[in-house]
Amino acid sequence: MPALAVTNFNIVLSVLGGWISLFGLVSYLCKESYYMSEAFISLLVGVAFSPRAANFIRPLVYADYDPLTLQEITLAFSRLVLGVQLVLAGVQLPSRYLKEQWRPLTVLLGPIMFMMWIATSLLVWALVPSFGPNGMGFLKALVIGSCVTPTDPVLSNVIVKGRFADHNVPKELQRIIVAESGANDGLGYPFLFFALYLIKYIGHDYPGDGAGAGRAMALWFYETWVYTIILSIVYGAAVGWIAKELLHWAEERKFVDRESFLVFAISLALFITGTCGMIGSDDVLACFIAGNVFTWDDWFRLETLDDSLQPTIDMLLNVTIFMWYGAVCPWEMFLRNGVGIQIYRLIVLGILVLLLRRLPWVFIAHKIPWGRKIIPQIEGAMQAIFVGFFGPVGVSAIFYLYITLEFLRGMDGPDGEPREDIKDLAETVVVVVWFIAICSIVVHGLSIPVGKLGFHLPRTLSKGLRSGNASPSRSVLPESRRSSGGPLPSFNIGSRVNTFITGMRHRRSQDGHDAERHGEVDDNSQQGISLTRPVYRIGGTIIRHQPASEASTAESEAQGAPQPRLGTTSANSSSSILDSERRGRGVSATHTPAAREAAASKSHSRAPGRSIRFPDDNSQGVGSAPTLVGGSTVDVKQ
């Protein structure tokens with residue numbers, strides 16, 4: 001007789017699959033219309049399904065009720081997500097990007113990252129009561145500061161991918177953010193182990209073969225810089241270059257199919273994460289370096305530019321990891337903990353860290369004359385504030401948190417008890433790092449929709465009240481009226497919120513003849529224009545229903561180009577250009593990587609069969625959308 005099998009595995013599969021399916025139904029609405037990140041939404045869902053609510057996701061049960069096993073699972077999951085994300089981040093950068101942009105990256109990864117570490121540590125030292133101004137209190141604060149210093153590449157996607165980035169963030173600024181968030185994730189090791197080695201070897205009677213700051217600095221230099229950082233860079237570059245050459249060789253001989261070709265970067269991330277984990281090097285930095293070297297000649301990036309496998313894997317990992325974080329986060333420790341950190345202190349600390357950890361130093365670097373020359377991607381004060389504020393704390397902070405706990409467990413005494421001087425350090429790190437990460441996920445996940453709403457809502461209401469009789473825009477007026485200087489619509493904020501004319505369009509077909517017989521056709525309707533009340537939308541442009549054939553004809557007429565033959569579209573032409581480039585690389589000197597990237601972006605800028613154009617569609621492709629960051633309009637081109 002059949003029986004129910006309500007096992008943990010079946011429950012997890014049902015919950016995960018059901019949530020991803022439901023989120024997929026409204027994903028465009030959430031991410032592209034309301035600008036809400038999938039990380040923030042998945043975190044809330046993880047909390048709802050956690051043992052504190054629905055009890056569908058039970059992390060401690062999966063770990064056999066062993067907290068150490070649960071920590072190992074979370075660390076391994078975070079390593080996996082970071083490894084894949086950073087290989088994909090390195091792949092999406094243009095050819096030789098790290099070599100060409102080494103000056104701005106040096107400033108962002110050097111003095112700015114150092115000041116982020118110091119500023120965060122000072123805030124923690126001042127607001128965490130268990131540290132205080134005694135002997136090793138500041139060293140403990142340096143540990144927490146190093147965990148939250150790196151900017152998270154997963155949460156950075158909300159400002160470097162999607163419609164918001166295409167319309168508001170210049171392409172060069174997107175790329176420098178991706179490069180910095182990828183590189184500084186791996187460079188968090190020196191900051192972390194600088195404090196950990198000093199805590200381990202000074203301030204007490206070390207039972208080994210020597211102690212003191214000299215031994216701590218020697219180990220920090222050899223084990224951290226040489227073995228962890230330099231070895232990971234060399235290893236990642238070697239593996240990335242070998243993988244690129246092997247894939248070239250296999251593709252030229254037609255040994256690899258399309259599916260294996262697309263998944264090659266994902267499998268490369270898994271290989272590097274596993275092998276670096278076995279030798280104990282920095283797998284996070286190695287993955288980013290390998291991804292950048294793998295596409296050093298821009299070949300793989302352009303070949304996969306119009307494929308969606310990598311973004312799909314990216315989305316699946318993001319949704320899953322933040323659901324897990326919502327379930328395993330120690331929410332109760334924010335209210336009651338054994339180290340005496342009150343909730344109001346955590347709230348003040350979270351706010352100050354988000355405001356002072358990164359923003360002042362990026363702004364100061366932009367204001368310095370040499371800083372503007374070295375970081376030309378940040379063009380104005382508003383862009384400096386934007387880059388400074390959006391330095392999220394997320395997966396990388398949780399990764400370094402559990403690296404810290406693993407190191408502290410190795411400092412226990414012979415009886416298994418922690419040393420007296422660091423007895424409360426592990427719990428303090430857990431409480432503070434988790435709370436700052438949650439604050440960053442929530443604030444950075446809501447800042448864009450709240451900012452867009454606060455910017456557009458008052459203007460939308462005031463303009464809507466004033467514009468009772470709207471006139472058509474110049475783009476829909478005939479040439480005779482367009483040149484006469486007639487009135488234009490009064491409602492226009494930048495280029496993101498526009499009016500459009502709705503109502504009955506008097507066709508030149510049967511409907512038009514019927515209206516003409518009844519005497520209902522005025523001068524405007526004879527010219528194909530109807531004047532009705534304008535419709536507004538907060539945060540985007542509403543575009544009228546337009547069949548694909550009509551849109552294609554209008555674009556061709558506007559550009560003065562001949563009509564395409566039946567069955568051919570501009571998207572197909574762009575795709576054929578890209579396909580010819582793939583089949584014969586190096587045939588023409590004019591076929592540069594930039595030209596191929598522009599052709600690829602046009603080929604997927606709008607689906608040719610779509611009858612309703614989304615707000616982010618335009619006749620010139622996504623890559624030419626105007627940007628508004630920095631107070632001025634910037635034309636972004638691929």
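The first residue you see is number 1, and the count goes up from there.
In case you wondered, yes, glycine gets a Cβ from its N, Cα and C as well.
Predicted automatically and left uncurated, TrEMBL annotations should be read as such.
Among residues of the same chain six or more beyond the transmembrane segment (6-28), those with a C-beta under 8 A of the stretch's C-beta atoms are 38, 41-42, 45, 49, 56-58, 61-62, 316, 319-320, 323, 614. Under the heading transmembrane segment, TrEMBL lists 6-28 (among others).
Annotation source TrEMBL lists domain 'Cation/H+ exchanger transmembrane' at 29-449.
Annotation comment: TrEMBL describes 40-61 (among others) as transmembrane segment. Away from its own ends, the transmembrane segment (40-61) comes close to residues 8, 11-12, 15, 19, 23, 30, 67, 70, 73-74, 318-329, 331-332, 438, 441-442, 444-446 of its chain (Cβ-Cβ under 8 Å, at least six residues beyond either end).
Residues or ranges marked as transmembrane segment by TrEMBL: 73-93 (among others). Tertiary neighbourhood of the transmembrane segment (73-93): same-chain residues 59, 62-63, 153-154, 175, 178-179, 181-182, 185-186, 240, 265-266, 268-270, 272-273, 277, 283-284, 287-295, 300-301, 304, 310, 313-314, 317-318, 321, 324, 328, 395-396, 398-399, 402-403, 406, selected by CB-CB distance under 8 Å and a gap of 6+ residues from either end.
Look at TrEMBL and you will find 105-128 (among others) tagged as transmembrane segment. Sequence-distant contacts of the transmembrane segment (105-128), counting only residues of its own chain at least 6 positions beyond either end whose CB sits under 8 Å from a CB of the stretch, comprise 98, 137-138, 141-142, 144-146, 148-150, 176, 179-180, 183-184, 187, 191, 339, 341, 345, 348-349, 352-353, 356-358, 360-362, 365, 371, 374-375, 391, 428, 432.
The annotation transmembrane segment is assigned in TrEMBL to 224-242 (among others). Taking Cβ pairs closer than 8 Å, the transmembrane segment (224-242) reaches residues 90, 186-187, 189-190, 193-194, 197, 268, 271-272, 275-276, 279-283, 285-294, 296 in its own chain, all 6 or more past its ends.
Long-range contacts of the transmembrane segment (262-295) within the same chain: residues 79-80, 82-84, 86-91, 93, 95, 97-98, 182-183, 185-187, 189, 227-229, 231-233, 235-237, 239-241, 243-244, 247, 256, 301, 304, 307, 309-310, 313, 396, 399, each at least 6 residues beyond the stretch ends and with a Cβ under 8 Å from a Cβ of the stretch. For 262-295 (among others), the entry in TrEMBL reads transmembrane segment.
Taken from TrEMBL, the feature transmembrane segment applies to 315-334 (among others).
Positions annotated as transmembrane segment by TrEMBL: 346-364 (among others). With a cut-off of 8 Å between Cβ atoms, the residues of this chain six or more beyond the transmembrane segment (346-364) that come close are 111-112, 115-116, 119-120, 123-124, 127-128, 148-149, 151, 334, 371, 378, 381, 384-385, 387-389, 391, 393, 431-432, 435-436, 439-440, 443.
Residues 39, 71-72, 74-75, 78-79, 81-82, 85, 116, 143, 146-148, 150-156, 158-159, 169, 173, 177, 185, 188, 192, 196, 284, 321, 325, 353-354, 357-363, 365-367, 378, 426, 429-430, 433-434, 436-437, 439-441, 444, 447, 629-630 of the same chain lie 6+ residues outside the transmembrane segment (384-405) yet bring a C-beta within less than 8 angstroms of a C-beta in it. The transmembrane segment feature in TrEMBL is assigned to 384-405 (among others).
Same-chain residues lying 6 or more positions outside the transmembrane segment (425-446) and placing a CB less than 8 Å from one of its CB atoms are 36-37, 39-41, 43, 124, 128, 130-131, 140, 143-144, 147-148, 152, 155, 158, 199, 322, 325, 329-330, 333-334, 337-339, 341, 346, 349-351, 353-354, 390, 392-394, 397-398, 400-401, 404-405, 408, 418. As annotated by TrEMBL, transmembrane segment applies to 425-446 (among others).
The feature region 'Disordered' is assigned by TrEMBL to 464-532 (among others).
Per TrEMBL, the feature compositional bias 'Polar residues' maps to 492-501 (among others).
Per TrEMBL, compositional bias 'Basic and acidic residues' is recorded for 509-521.
According to TrEMBL, the region 'Disordered' annotation covers 546-638 (among others).
Under the heading compositional bias 'Low complexity', TrEMBL lists 548-558 (among others).
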